[in-house]
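Working notes, structure below.
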Amino acid sequence: MEKCFNIIPSLLLISLLIKSSNAAGIAVYWGQNGNEGSLQDACNTNNYQFVNIAFLSTFGNGQNPQINLAGHCDPSTNGCTKFSPEIQACQAKGIKVLLSLGGGAGSYSLNSAEEATTLANYLWNNFLGGTSTSRPLGDAVLDGIDFDIESGGQHYDELAKALNGFSQQKVYLSAAPQCPYPDAHLDSAIQTGLFDYVWVQFYNNPQCQYSNGNINNLVNAWNQWTSSQAKQVFLGVPASDAAAPSGGLIPADVLTSQVLPAIKTSPKYGGVMIWDRFNDAQSGYSNAIKGSV
C-alpha cells in the first residue's frame, strides 16, 4: 500500500516538470544597436528566456561567413570574443542563447545543398559544440541557431537537417518568418518539423498584424501558424513604433487583455518574441507584459 501512496506525488512532480519545461517565455533579439547595453545587461533583467544574437549576416555564395553586431564589436579584430563570458552568464541563468542568421539587410544565400552542409559545419565548429581556432564569440557554446531569413529561401531545409544531425549536442532551431502564411523564404525549412521555436513576425505586414483595435487578422494568421509543423509558436511583436516602420505595435494593455487571451488557448503557444532589445529597453515593453505571457 505504501508504494501506491508514493505514486501520486511522483506523478504530480513529473507533471510539474513537464509543465515547467514547456512554460511560456519571452524571446528578444540583441546585437543591432550599440546603445542597447551589453548582452549580460539584457539577461540580468530576468525578462527573457531566449536571446537571439543578431546577426550572422554574411554567408553563402562563396563568401566567408561573418557576424555583424552593429556597434558592439569589430569581428575582424576578434573584438566580439569578449561576449563569451556574458553568454555563459546568461546560460547559467537558464536563458537559451542562439545565433541568428540573416536579417533584413545582410548579404546571404545558399546556392546548393553542399553550401548548406558547409555552413552547418562552420556553425558547429565556430559557435556550437565543435572546435575552431577562430571562434568569433569565443569559447562559449551557443544553444542553437535562429533562421531570420528575409531573402532567398532555397536549401534552408537542408541546413536545418544538417544542424539537427550533430548528435554530440542538442542544437535548438528557431525561425522568424513573416506572418503571411506560408512564409516566402522559410516554408520548406519549417515544414521539416525540426524547429523547436517559431517566432512569427506579426508586424510590418498589414494583412496579418494588429491595427487600430482590430485583432482579427492577427488571430486568423496565428491559427494558420499553429497548424504548421512548428513545435512551438511565439507571437512576434515590436517593442515600439520605431521598431516597426510599417506598423504592428500592440499596446501592452491590449496585448495582455485581448491578444494573449485569444492565442494562449493553443497547445503550441510558446510565448512572445520582441524586436528588439534596444527598443524594449527604451519602452519597457517586456516589463509591462512579462506577468501575462
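Just so you know, the numbers here start at 1 and follow the chain as drawn.
Any Cβ shown, glycine's included, is placed from N, Cα and C.
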Per Swiss-Prot, cysteine bonded by disulfide to Cys43 (from Cys4, Cys90, Cys179): Cys90
Partner cysteine of Cys80 (disulphide bond, per Swiss-Prot) from Cys4, Cys73: Cys73
Length of the line joining the Cα atoms of Cys80 (disulfide bond) and Cys179 (disulfide bond), in Å: 32
Integer Å distance between the CA atoms belonging to Glu150 (active site, proton donor) and Cys208 (disulfide bond): 17
Across the domain 'GH18' (24-293), average pLDDT on the 0 to 100 scale: 98
Site of maximum Cβ density within 10 Å, from disulfide-bonded residues Cys73, Cys90: Cys90
